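Visitor: As annotated in Swiss-Prot:
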type	residues	note
ACT_SITE	94	active site, electrophile
ACT_SITE	164	active site, proton acceptor
BINDING	9, 10, 11, 170, 209, 230, 231	substrate binding site
């Protein structure tokens, strides 16, 4: 049985004061241990957040890493640097990175390779736009994004997939549990074609307006192994409720 994973993507939010209050409401959640929990703050807060969660069962993740190694790349943060900051995870391929910063499948595959080489576990985000879904291409587009990274990972690498339909991110809209399950099953079957030995072990998360009111129903689906949570991860009570829903 796959252990549920709940990852909080803070995006470009937070302050030292707000982060402290948020984490104080999460670190003692009773469900920690029964569920794997990751928080992914903005780069400037990695060190302070790591200090705040170091004695808890919460793991630290980065929201991104560079496709390059260390060197003359002004403004870039390498995977090695993230690992040096005690990150265990890194979010890659998020739709906001694809849309706002023109990251294509080739760039994302390179980032995945850098991440695993540095000992980070990628949370690979894939998902279709509303136009893709309405044209009947949702599965085609999503599986193509997954296909792009198979050359960057090995069966024994640690990584997870997060299905995030772009039309559901930050909109309040959520894919139905049945729609999520259908796509998660397709993703798992695609993994089976490349790495049959890990297809039933790898975790596939759902992301896209996940909140306490819909989490339990989503988690009841056989191929939904947790969530990548955006806005709701910024409210401790809401995030803890989602974590608890993953246990039930």
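Just so you know, glycine gets a Cβ as well, placed from its N, Cα and C.
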Visitor: Starting from the Cβ centroid of 9, 10, 11, 170, 209, 230, 231, which together make up the recorded substrate site, report each further residue of the same chain whose Cβ lies within 8 Å of that point, ordered by sequence.
Guide: 169, 229, 232, 233, 234
Visitor: Are there recorded positions among 11, 94, 209, 230 that sit within 10 Å of the residue listed as 'active site, proton acceptor', Cα to Cα? If so, list them; otherwise say none.
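Guide: Taking 11, 94, 209, 230 one by one, the ones whose Cα falls within 10 Å of the residue listed as 'active site, proton acceptor' are 94, 209.
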Visitor: Let me know the DSSP-derived helix, strand or coil state of residue 9 (substrate binding site), please.
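Guide: Going by the DSSP assignment, residue 9 (substrate binding site) falls within a strand, counted as strand.
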Visitor: Got a sec? Which of these recorded positions, 11, 94, has the most Cβ atoms within 10 Å?
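Guide: Max Cβ neighbours within 10 Å, all protein chains included: 94.
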Visitor: For the residue listed as 'active site, electrophile' and residue 9 (substrate binding site), what Cα-Cα distance in Å is obtained after rounding to a whole number?
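Guide: So the alpha carbons of the residue listed as 'active site, electrophile' and residue 9 (substrate binding site) sit roughly 10 Å from each other.
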Visitor: Which one of the binding-site residues (170, 230, 231) has its C-beta surrounded by the most other C-beta atoms within 10 angstroms?
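Guide: Max Cβ neighbours within 10 Å, all protein chains included: 230.
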Visitor: Identify, among the binding-site residues 9, 209, the residue whose Cβ has the fewest other Cβ atoms within 10 Å in this structure.
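Guide: Comparing Cβ neighbour counts within 10 Å for the binding-site residues 9, 209 gives 209.
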Visitor: Which three-state DSSP class does the residue listed as 'active site, electrophile' fall into?
Guide: coil
